[in-house]
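According to TrEMBL, the transmembrane segment annotation covers C:12-34, C:54-74, C:81-105, C:125-150, C:162-185, C:214-231, C:260-280, C:286-304, C:311-332, C:338-359.
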Amino acid sequence: VGDADHDARVGVLQPATGDLGDLGAPIQDGGALPGLQLEDEGVPYEIEIRREDTETEPEVGIERAQALVDAGFPSITGAASSGVTIAVAQDVYFPEEVVGISPASTSPDITDMPGEFLLRTCPTDALQGVAAATLAYDDRGLETASTFFLNNDYGQGLNDAFVANYQDLGGEVYEQEAFEAEQPSYDSALEVVLGDNPDLLYIVGYPDSGEQIFRDFYENFDPDDTLVMVADGMQSHDLPGDVDNPMENVIGTAPAAVGPGRETFDQLYNQEFGSSPGVFTSQAYDATAVHLLAQFRADELSGPAVSAEVREVANPGGEVVTPSTLADGLEMALDGEEIQYQGASSEIVFDDNGDLDAATFDIFEFDMDGYTVTTQFEL
Amino acid sequence: MSNEPDNGAPDNGAPDNGATDNGEPEETLTASVGRWKSDLKLVVGLVFATYLAFGLLGILTGVSVNETAGFLQTVTFFAAVFALLTLALNLHWGYTGLFNIGIAGFMAVGVYTMAILTASPDGTPAGFGLPIPIGVIGGTIAAGLVGAVIALPALRVRADYFAIITLGFSEIVRLTITSGSLRRIEVGERIYGTGGGSGIRYTPVDTVVPWLLDFSVLGYLGEVLYGIGAVVGVSQSIINRVLYALVIITFVLLFYLLLQRIARSPFGRILKAIREDEIVARSLGKDTQRAKIKVFTLGCALMGLAGILWIGSRSLVTPESFMPVVTFYIFVALIVGGAGSNTGSVVGGFVFAAFLWEGPRFVRTILRSSLDVRSPPTIYDAFVELAALDPMPLVGYVVGSLDEIRWVLIGVVLVLLMIYRPEGLMGDRKEIAAATDLSRPGRGGSDE
Amino acid sequence: MKERVEDPTAQELFGFLLLLGIVVLTLDLVRLVFVGELPVSRLSSLLWNGIVDSLYIGLAAIGLSMTYSILRFANFSHGDLITVGAFGGWTVAYLIGGIGAAGLGSRLLLDADGGARAGDLGMSIVGSPLAIVVGLIAAAVFTILVALAIDRLVYKQLRDAGGITLLIASVGVALALRYIVAIIYTQDSRGVVASAPFWEPAYLPVDRINLHEMTLVLSAVALIVGVHLLLQYTKLGKSMRAMSDNRDLALVTGISTERVITATWIIGSGLAGVAGYLIVLDRSQITINLGWFLLLLIFAAVILGGIGSIYGALAGSLVIGITINLSLVWIPADLNEVAAFALMILVLIFKPDGLFGGVETA
Amino acid sequence: MALLEVVDLDAGYGDLQILESVDLVVEDGEYVTIVGPNGAGKSTVMKSIFGLTNLMGGSVVFDGQEIHDLRPEQIIRTGIGYVPQSDNVFPSLSVLENLEMGAYILDEVPEDRLQRVFDRFPILEERKAQKAGTMSGGQQQMLAMGRALMLDPDLLMLDEPSAGLAPDLVDDMFDRIDAINDDGTAVLMVEQNAKEALRRCDRGYVLVQGQNRYEDEGDALLADEQVRQDFLGG
Amino acid sequence: MSESTQATAGEKDTTEKRVADPVLQIEELDKRFGGIVAVDGASFAVERGSITGLIGPNGAGKSTTFNCITGVHRPDGGSVVFDGTDITGESPERIANRGLVRTFQIARELPEMTVLENVMLGPKGQLGESIWRSVAPIARGNVIEQEEELRDQAWETLEFFEIDHLAEEYAGNLSGGQRKLLELARALSTDPEMLLLDEPMAGVNPSLERKLLDRIHDLQEEGYSFLLVEHDMDVIMEHCEHVVVMHQGQVLAEGPPATIKSNEEVIEAYLGGEI
Ligand SMILES: Nc1ncnc2c1ncn2[C@@H]1O[C@H](COP(=O)(O)OP(=O)(O)OP(=O)(O)O)[C@@H](O)[C@H]1O
Ligand SMILES: Nc1ncnc2c1ncn2[C@@H]1O[C@H](COP(=O)(O)OP(=O)(O)OP(=O)(O)O)[C@@H](O)[C@H]1O
Ligand SMILES: [Mg+2]
Ligand SMILES: [Mg+2]
């Protein structure tokens, strides 16, 4: 295994600076975490995890991915936003035949792309839209809704999926407003989406805007009037604290997380970076972990070789490897044993498109200390 | 301020007389070729010195040949792209004083037009499926036309006010193509539109390279290059990218010659006069409004074309590629090179690409992989450890913050450049706006 | 002041169209309210939000406008001075307000490690008024010190340089400032203020008043009036204008241009720092991109009003603030800035020197 | 000792040297004129005294104090007033504000002097509130002069004060300068209206290509055939 | 005395008659800035081929009249007729292209262009001023020859104005007087039919001034017309055939220099009792 100097090499391509730096930097940390963890555990291998910064610019993203490939990295954990991931896949992963696993690109468009060299550890929004709509209309009996979503491909895509399903079920959608990230205030926009008193407000976005939106919400509107639903992007333990409100009228959907891996990950992350993990950080961890296992199991450090092993190490069948047993997993992979990785974010089962096979979603609620999963939702 | 403005190449020895004998006067041709040659020498020299320096740096720090080659290719690509944009901006700002800070917007118009024209009719959003060359030309024209439309009202206001109008325009373009309102427009069964945040997919224009390699001569060249690559350890994909960069460089040369012609002409003189004092030009009977509209349109078209050659060589365009900061990069490139000089623009594009855009990333990566120290969670922790006489956590923190530090250094470099070289690297080589050598007649063309 | 060619016809036409547009929209607003599509309460809250937005844009815009006309360049680091003020001020507020409740490291780095949550510390104007007020002053002082240091190090070397040179240098300063803050405080965005306390007045027509928003409004208005008085009734105002007109002549008249520049920085950056601090007080969220994201709107306000006129800057802020909020009556939220920029462009075509006339640099 | 002593002055702009060892003396209460062709460096001499050029050598001593290292705003406090040749008003300030700027270094605006300026140039009082930049060329010249008179300097330096003024005002301007000089203020003046200027002054310098060419009493220079021919237009 | 009454502006309708062959005619021109009436019903005419002086106290409205004639300002009332065509309110460039070119009182050089470039900008009808001709190889035609001619002319002009040693200097580095010369040289290089000169001699050295005036006379003989604003009465008296006196925006008097000189109103308003 390995080239002359390395036993494994994974690039982590995320926006660490620029407009999405506050979101991407923690994801990058998550993606680099397996390397640090293994180093701490003293594994006797030369593992190189190289962080690259897309600077929140698609151009830089492509160029940095190319640099990783030129440097001989067969595996990349990235990119973050679907736009960048699609571009990078089309222009770098596919022609260069390296394996990219995105921890954060949820666009349904990615499903249609070949799953050989592009996979993801986050679920497609097509499914989450169904889950959210069913939960709202069927389970909670909410018949009218407005949506408020981030003006990018994630927001637009998930909003589309939700609205289509919700309307199919019979719900009425009053307003669909897109918002720009990190605006000075969302008072007026909230004024518009809540003007007609919908039963439900569906918000798609990330915590960076979410903090502000919920602040504005609690300052100007009565939480008892409206139930708010959020998606995986806002599943963050810090959110209530940052909003300084228990957010009791807010529920959310997110792809189901496997218990033990999650806790180990949270702990590792906190220990290493001194803060609690944010959105998509655990997915990034899993992406890198899968890459590492696949590389150890492959007989050479090349994209096609890794590609051939990715599903072998992740999908059901064989010994279960979790974040806490990652080092052992490497040994087993090296020996060519059958393993299945069950990660921090989910069980990680890839289908042929490279999408997660996960059809289970967590329903979570907030309180002052973060969120708790109350039920699960099977599709 | 220089008291002896550059008056062309010192090595231009062609005599003044004998020019009129044969229609197209030779002497100016040789003069411009001479000038051109000396500029070319300068640019090529700079480029090679830079490549050599970075190449050595790479090899000495143990970076693989392929990675170093990839880095140099990236520098070349971005240098060419920025040179194109900088040349266009030089026409606007350097020559005519049109303070256009909406470049990203005009690029966006060009690229999106090309995307819509060439994207497959079956995609989402759908395009018209036209051949790439038509898309390229269409995008260029669209950017020019939009420029003309903006120019009509906007050119009435003065520099700073004009600037914010162009910036406002570019933000309007970006926000509009992102917006849900134009994302999907259903026409019949097809869905057209901008695709909102997820953009439009199309066949990239760098597919011109395989097409070119189908021609026997070029194909042979390709084979030779691949062969060399195989020997020194450079992958085919890098060589393909180099070939595409060469295509853009061809455009740079064409742009350069075109703009040089414009700059050294009576028309160029009017442009300069507009920059200096428009009323004077008008009082001398020059139709400045027309000249400004023409120049603005031309420049915008070139920006559109540059955008197409750059972003169009990816297979997807999204609004995020057109943040205002892109405009700022081009301004920096122009100022670094020296506004008012076309050679300076090209040099600026290169220097920006090599030393501000790509170089620092290369160095950062090298630093990161050679300094393998763990970063403590916060800077506070690092200092607490330092107080306990352990400097490594601080070093680790620094390594961990290299992405941010890189930005700080770029900021510092910009400041230092402005302090020590405010007129730009080639700012003293401002061209004289005339189609002929302006030395005093009767003393020969080349007196100094 | 050189003559300019007058060309009133096109201008008048544009003015007419603009006016017509505004009249039509106003009538439509009345119609909407009448037919009940737009409740009065929503209209008034849109307007109020517009005014609040315009106040902090305005606070920052005054400073930008002053440096713009006196130092003759578009200062792209102004946004990051706002950020610096916010971080500096809140750090001091945390140092004071969080004594005993959180560790020094957490307080110094503004909860970068999650160890000093705003709610736990009670960081609100009611919870720890002293910390908040001292923080406000610290924001101003700290930003002023940073701005003066930058002036010594950078802009002073460039006094005779052209507007564009300075502009590029200021972009350099902006990047350096922003990412130095990022290195120290990390890039995480976080809430640093506890929930806003409310006051429910018995005798006013409004139900409840957000005390943080009120603090912002009152401080901003007080500062604006203060600056107005300062410039109106002291020699400083006049010497600033003289300097922005003709620096050599100002020198020859005995104006210590360096002192005027220092004063400009003090006022401009002080206001910027306060603006940053107050924005965070109102929004609670703090990120390193705080000022950068606002800068475009601030520039739009300054230029719309006419560079160099602080009243223009305020008027411009009002137009921008109201537009981005009120436009939501007609258009989706992702286009509200489009509306603001479009209006700005139209106004500039009608009044090419901005609403209040002004100078130019480049 | 002389009030102003310029010794062996080399000065220019950037690297470009314009003045070459220029010597110049103004005694207490003296009235000195500099004439010379366009581009000779007359304005440059004045700017150099006021610290607005790049000083390359020599010294400037005013009232026994070396001032060539001082900043302009300090120089004006030593008692030198200066009216530049062009760009000599603040265009966007009102007329009144321009005059007030003249008294900037004083604690308050001396009302009597302001009134004297208004008496002399009534149009300035009439147009107190007009922006200076919109005044006519001649009016601006009056304003610039008025501004310099707001202080009571020991040495008044005037760069072509009569340019652009109507004839009655030209005479008046010269009379006025005479009067100022009679009150004990030394005057250093550059003029293209050379005959008039030389007629009225005590002493004159002819500056050519950045160097002293002639120096003599005004009348003597006027009488000098060579000077008449070369510099006074016959 | 009687002559001067005859010459006052009272009888505006007679303006045309007094000038046999007017190249420029101004009728009832008005221009206001806010409350200030800068030009107030001024009417006068300039004889073809003459040097006409326009004098008046500071602020009389001379420069504003120039601005109205040349299209920089739009008059509030009245008309300007040049060469038989009504040009009121036309744009500056059209007026200039008709052959009516002006200089500015406060010289407006193009600072970051060389002196030579400044002068070469002037000439009308330059082929290469079209973008296509300057770029396209075939359409270029005679552009280069024309440029060479222009260059030679420009050098001659500079030599005449004694600023040829500064030809390659940036115009912004010139001294006050040199700028005035450049201003004049540039205006002349447009080869106009008529020149409006706003205090061209202010700040110009006396020896050079004489040369300039000689040149103006030469040009006059070639058929150029001049309208000259000047405060130097010697120049006006010696060199103008006809003098128009403005005062508070109105034409106070006009006539031959000798008459004007003795016109008491003029003396009172302008000449300051002396002479
Ligand atoms: N843009 C303007 N705004 C306001 N007033 C103006 C403007 N331009 C000129 N004026 C006023 O109009 C009057 C005429 O000015 P003009 O410049 O025409 O005078 P002039 O005859 O040329 O005087 P001078 O001999 O001093 O140059 C003056 O009172 C001047 O203040
Ligand atoms: N800012 C400057 N930069 C470079 N050169 C300059 C500058 N100002 C003046 N010069 C040059 O210095 C020389 C002297 O200029 P100066 O203004 O002193 O002349 P002057 O004697 O006052 O002439 P005038 O009578 O025309 O006003 C001129 O040749 C001019 O070109
Ligand atoms: Mg001078
Ligand atoms: Mg005038």
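A Cβ is built for glycine as well, from the same backbone N, Cα and C atoms used for every other residue.
When Cβ-Cβ distances under 8 Å to the transmembrane segment (C:214-231) are tallied for each of C:12-34, C:54-74, C:81-105, C:125-150, C:311-332, the top count falls to C:54-74. When Cβ-Cβ distances under 8 Å to the transmembrane segment (C:54-74) are tallied for each of C:81-105, C:125-150, C:260-280, C:338-359, the top count falls to C:260-280. The stretches the transmembrane segment (C:260-280) and the transmembrane segment (C:125-150) are in mutual contact, each linked to the other by at least three Cβ pairs under 8 Å (pairs 6 or more apart in sequence). Tertiary neighbourhood of the transmembrane segment (C:12-34): same-chain residues 40, 43, 329-330, 346-347, 349-351, selected by CB-CB distance under 8 Å and a gap of 6+ residues from either end. Outside the transmembrane segment (C:162-185) by six or more residues, the chain places 71-81, 83-84, 87, 109-110, 112, 146, 150, 154-155, 288-289, 292, 361-362 with a CB less than 8 A from a CB of the stretch. Same-chain residues lying 6 or more positions outside the transmembrane segment (C:125-150) and placing a CB less than 8 Å from one of its CB atoms are 77, 81, 84-86, 88-94, 96-98, 173, 177, 194, 197, 211-212, 215, 219, 262, 265-266, 268-274, 276-278, 281.
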